[in-house]
Amino acid sequence: MDLMRWSTPRVLVVPVRAGRAVRLDVERLMRERGWESAASPADADLLVVCGTPDADTGAAVDRVWNLLGSPRARADIPVRHGVAERLDRARAELGDRPGRPSGRTSGRRRPAPGDRPDDSDDDTRTDHDGDVAGLPMAERAPDRDGLTLDRLHLTLGPVLPDWPAGLVVRLAVQGDVVQTAAVEVWGEPGGRWDGPPAAAALDSLARLLSVCGAATATRRARRLRDEVLAGSADPAALNRFARRLRRSWTLRWATDGVGRLDGRHGDLTGDATQRCRRWLDVVAGSPPVPGEDRTAAVLTALPGLLEGQELATVRVVVASLDPDLESSGTGATS
Amino acid sequence: MTPVGQGAVWTVLLVPILLGGLALGGASFARVLDARADGRRVTGAVLAAPLSATGRLLVQQRRAVVASDRLLARTGVVLVPVAAVLAALVVPWGNVAASDLSVGIVWFNAMEVVTWAALWMAGWGTNSVWGLVGGYRFVVQGLSYELPHMFALITVATGAGSLRVSDVVAAQDGLWFVVWMPVAFAAFLISALALSFAGPFDTATGRDVAGGVLAEHSGVDRLLLLAGRWLLLAAAAAMAVALFLGGGSGPLLPTWLWTVLKSAAVLGLLVWLRSRTATLRMDRFVEVGWMVLIPLTLLQALVVAVVVLR
């Protein structure tokens, strides 16, 4: 499989609470090597789990792993030690795979109850009334205009690119409009993180920028974050970055008026644009606003902000609030 | 310069090759911009990344979700690159057009609208909420950019007094259309990004919906969609040269080389724009499209019509 050895892998990064240090290392190495971050399991050939997942998250990761097409490889990186070697090994495994399993039938699996639908050929089983291929049809419910429409249940997280580690949001959607939203937190948090505030702000910004489709700015944010962590960041470069993003009208369009919270929310007050600007201020060198229970406030406010929004807006709302579950004291609520 | 003429039948075979080369160049340039943002050195591997990514997708397993409409999805997937190549048939390279139709501009427009259906089918057919949302987003996007795009094309046709692309190129002998139709040119560039679901117009394949139309496609299916996107962008860039930048006209160099250079320059500009912007929210862009772009392009068409009538 020379072709695989020659090309750069596309990586589905799975962040786990308490796995921040590993994730930062993985993302830095990916950037340095030019490995791209995948947007979905179909897009990925390498699955990298950053940290030690709890049982629920581990099961979700396994289900996603089954969705990756061959050739594929997986790296479970529990601790920060030897990240580069583990990535190398997974990369080599990807290249060493014997020829492609013949055609698509090899990936054939039947859906387990409650499983996500995945590969399966000519599966037209209809044992149950109203079922298609053994999967239940969408139920119906009245929508906001009083019409009866199909309702679909959708779970965002814990395995989703540019998504806070450990966050799981269960949605009922009609079309792409969210009817109800319930927030859960999976896994146990790690210890407090005493990295520079600018690095934390850039880390959050990178997720927001990526969700907003600002691909180049995302890359730059991650690069600056790594430089801040390595202590080699140039203050002028940070200022330039912040200034440029403040001027970006396409970014402002993407965030204006999204996820607005009133004045009682301290650091979280305002819309996604204002929260983004606060991060940019921190990047440019001003001290961060000390937030007492920022994460808890986000988790409380989230369902109310998500209901009635479009799916795409959901991602921007979550990214602009970016609850820091990696080191927050909030225990598992699942 | 010698007027553009209908090429021999075999020149049709050259179209996918030339278009593919241009598209590959654009994709490589995008990788270079990525590498620079990442702080990596620009090496041969970066330039060849689109090729190696193609190889990777060729060996990757194809997949399909349970109860997906495979025929519909794959028809859509195949249609994207096919529509791009068909659209490029009417674009003259130097002074030869593979197919100099009397309604060339309408043909280009029609082929590009085929991608609406194609992308929607590719999204709907996967039986995935992300694909569904992505497919519908592209239809919304189409409604937002298509009218300004069509008015830009009509302006050009009015200026040349013909829907034949070779006549359009001939009409620019002396004065390029970009000089007196700047609004139409800008609208065309915006719609070039929009019709190839690229850059600020990548709502159909955005990361916020896990790749949207692309979310469940892997292997060859994914390759066709991604390649189709680059081919569409390249075709639109080449068409912009014929419609606004005087086609192959230019001093010293042969006409075919001018076509290539100008197309590469337009494509480079589009790729750069693509890398500098965040995705445009369609609920906002549709307002700009209908309240600003349509009146402006209509005004441009009026000005051109008055000039032509005088």
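In case you wondered, yes, glycine gets a Cβ from its N, Cα and C as well.
According to TrEMBL, the feature transmembrane segment maps to B:7-30 (among others).
Among the features that TrEMBL reports, transmembrane segment is placed at B:71-93 (among others). Outside the transmembrane segment (B:71-93) by six or more residues, the chain places 4, 12, 14-16, 18-19, 64, 99-101, 104-105, 107-108, 111-112, 114-115, 117-126, 165-166, 169, 217, 221, 224-225, 227-229, 231-232, 234-235, 238-239, 241-242, 247-248, 256, 259-260 with a CB less than 8 A from a CB of the stretch.
Tertiary neighbourhood of the transmembrane segment (B:113-133): same-chain residues 64-77, 79-80, 83-84, 86, 139, 142, 146, 195, 197, 204, 209-213, 215-217, 221, 225, 228, 232, selected by CB-CB distance under 8 Å and a gap of 6+ residues from either end. Residues annotated as transmembrane segment in TrEMBL: B:113-133 (among others).
Residues or ranges marked as transmembrane segment in TrEMBL: B:145-163 (among others).
Long-range contacts of the transmembrane segment (B:175-198) within the same chain, counting only residues at least 6 positions beyond its ends with a Cβ under 8 Å from a Cβ of the stretch, are 112, 115, 119, 138, 141-142, 144-146, 148-149, 151-153, 155-156, 159-160, 168, 204-205, 213, 229-230, 232-233, 236-237, 239-240, 243-246, 266, 269-270, 273-274, 293, 296-297, 299-301, 304, 307. The transmembrane segment annotation in TrEMBL covers B:175-198 (among others).
What TrEMBL lists as transmembrane segment is B:230-249 (among others).
Taken from TrEMBL, the feature transmembrane segment covers B:255-273 (among others).
Marked as transmembrane segment by TrEMBL: B:285-309 (among others).
Remark: the transmembrane segment (B:285-309) makes no contact with the transmembrane segment (B:230-249), by the rule of 3 or more CB pairs under 8 A. Sequence-distant neighbours of the transmembrane segment (B:7-30) (same chain, 6+ residues past either end, Cβ-Cβ under 8 Å): 46-51, 84-85, 88-89, 93, 96-100, 227, 230-231, 233-235, 237-238, 260, 263-264, 267-268, 270-271, 274-275.
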